[in-house]
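Marked as FMN binding site by Swiss-Prot: Gly9, Ala10, Ser11, Ser35, Ser79, Met80, Lys81, Thr82, Arg114. Residues or ranges marked as dimethylallyl phosphate binding site by Swiss-Prot: Tyr144, Lys160.
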Amino acid sequence: MKIIVAITGASGSIYGIKLYEILKKLGHDVILLASKTGIKVAKYETGMEITPDFDEDDLFAPIASGSYPFDAMVIAPCSMKTLGAIANGFSYNLITRAADVTLKERRKLILLIRETPLNLVHVQNMLKIIQAGGIIMPASPAFYTKPKTIDDMVNFIIGKILDLLGITHNLYRRWGMREDD
């Protein structure tokens, strides 16, 4: 699959970084995008320097057009600013434009939200995304898996994203499986 992974300025950049790494490891063609704030937050939270494939202001990038073939887009984490822009058709940078293209071309768009608590405007914007064909996925790890580390909790969320993309993995123990499975 050809997948766009975008990292915005919300806390939780590890989700986008880890998703990108796992998709590459599994042999998928991945395009990495990041907002300027997303790059700063990733450095602050993880100590990692991320280098996007395109600048967030490059609206001449191939992925800004519906004629460019890709299968899906995941924004992880997705800030409420980015969610609001996408929900209201405001394509002010490459991330929001690529998301707009994803929706208009009826491709899979997954927005991993981490904000809490939510206000009415956030929820209304999520409803607009769902009505437009996108998927809202809260970064809410399960605890039946008995996570022992932050990595265990991150892997659960990444695994759920891979499930939505139809990609086979073994990142977390599924409900009903024994711990030694």
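In case you wondered, yes, glycine gets a Cβ from its N, Cα and C as well.
A quick note: this is a predicted structure, and the numbers were derived from the prediction, not measured.
Mapped onto this structure are the features recorded in Swiss-Prot.
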residue	record	CB count, 10 Å
Gly9	FMN binding site	19
Ser11	FMN binding site	14
Ser79	FMN binding site	24
Lys81	FMN binding site	15
Arg114	FMN binding site	19
Tyr144	dimethylallyl phosphate binding site	12
Lys160	dimethylallyl phosphate binding site	21
Task: Check: same-chain CB within 8 A of FMN site center, minus Gly9, Ala10, Ser11, Ser35, Ser79, Met80, Lys81, Thr82, Arg114 - done: Thr8, Thr37, Gly38, Pro77, Cys78, Leu83, Glu115
TODO: Give the distance between the Cα atoms of Lys81 (FMN binding site) and Lys160 (dimethylallyl phosphate binding site), rounded to the nearest whole Å.
DONE: 23
Open item on the list: Please report the distance from the Cα of Ser11 (FMN binding site) to the Cα of Tyr144 (dimethylallyl phosphate binding site), rounded to the nearest angstrom.
Closed with: 24
Open item on the list: Cα-Cα, whole number of Å: Ser79 (FMN binding site) versus Tyr144 (dimethylallyl phosphate binding site)?
Closed with: 27
